[in-house]
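Visitor: I have a structure here, written as structure tokens, and I will follow up with some questions on it.
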Amino acid sequence: MSGFFITATDTEVGKTVVAGALAGVFRELGYNIGVYKALQSGHVASNPEGDAARLKVLSGVPIKEDEICPYSIEEPLAPRLAMKRAGRAVTLKDIIHHYNERLKEFNSLFVEGAGGLAVPYTEDALVIDFAKELQLPLIVVARPTLGTVNHTVLTIAYAKAHGLTVAGVILSGCKECEMERVQENKVMIEELSGVPVLGLLPFFEGEFTKEEVLESAKEYIMISKLEEFIRNESTVAHTSSN
């Protein structure tokens, strides 16, 4: 298996934009990349304001929103609680099944979690349990300013304690007027965590187009570094199958 698991230090940090943009860029480069978000709360999958719809638009994948996100609920709560209140039982086995179904169509998947790694996800698992099952390298999306060093370093430490590989950090929502502090935070995160910050994605104000987001990803994220992970994972998978 190859791809990335996109997590974050919190909710509303920019995971969906990062996941969709990276998938879109890699698809432009010729990779057969898909996107997957197992559980979504706050919007049903078909809602154009929801994460599944945004992932579809940004990535350009030729599948339906409910194939990107098989389990969605309107109420904006942690997925486990939202599903429980709706009387729906979703297990870790269920979401892994749908993940494997998507792998029949794509060589690699960029998987978006929900909130951070310790979020209650299915009725029997946290987000980190799902990440451990997939064993994909993590991309941690974080805020660029005050508080981000602590949140990001703790997230990385938690992931490493559970045996996960962290490919890098992307600081999302960077404003030009804050860049001096953002750069200082970048350096501090790298020093304290030992993980590279692979991008400083700008703040998108108001409505934005797919083209704007993908061009920003190409300009501000180290795509070549992430491409090395994809190639290495593919090589390992090919070697293991022989």
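Keep in mind that glycine also has a Cβ here, set from the backbone N, Cα and C atoms.
The shown structure was predicted, so the numbers you read here are calculated from the model rather than taken from an experiment.
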Visitor: Which of ASP51, ASP94 shares the Mg(2+) site with THR16, GLU112 per Swiss-Prot?
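Guide: For Mg(2+), Swiss-Prot names THR16, GLU112; of ASP51, ASP94, the listed one is ASP51.
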Visitor: What does DSSP call SER41 (substrate binding site) in the simple three-state scheme?
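Guide: Once the DSSP labels are grouped into three classes, SER41 (substrate binding site) ends up as strand.
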Visitor: Please identify which of GLU12, ASP51, GLU112 has the densest Cβ environment, defined as other Cβ atoms within 10 Å, among these binding-site residues.
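Guide: Of GLU12, ASP51, GLU112, the one with the most crowded Cβ is GLU112.
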Visitor: Cβ within 8 Å of the ATP site centroid (GLU12, VAL13, GLY14, LYS15, THR16, VAL17, ASP51, GLU112, GLY113, ALA114, GLY115 excluded): which residues?
Guide: ILE6, ALA8, THR11, VAL18, ALA19, VAL141
Visitor: Select the closest residue to THR16 (ATP binding site) from the following recorded positions, measuring between CA atoms: LYS37, SER41, GLU112.
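Guide: For THR16 (ATP binding site), the spatially nearest of the recorded positions is GLU112.
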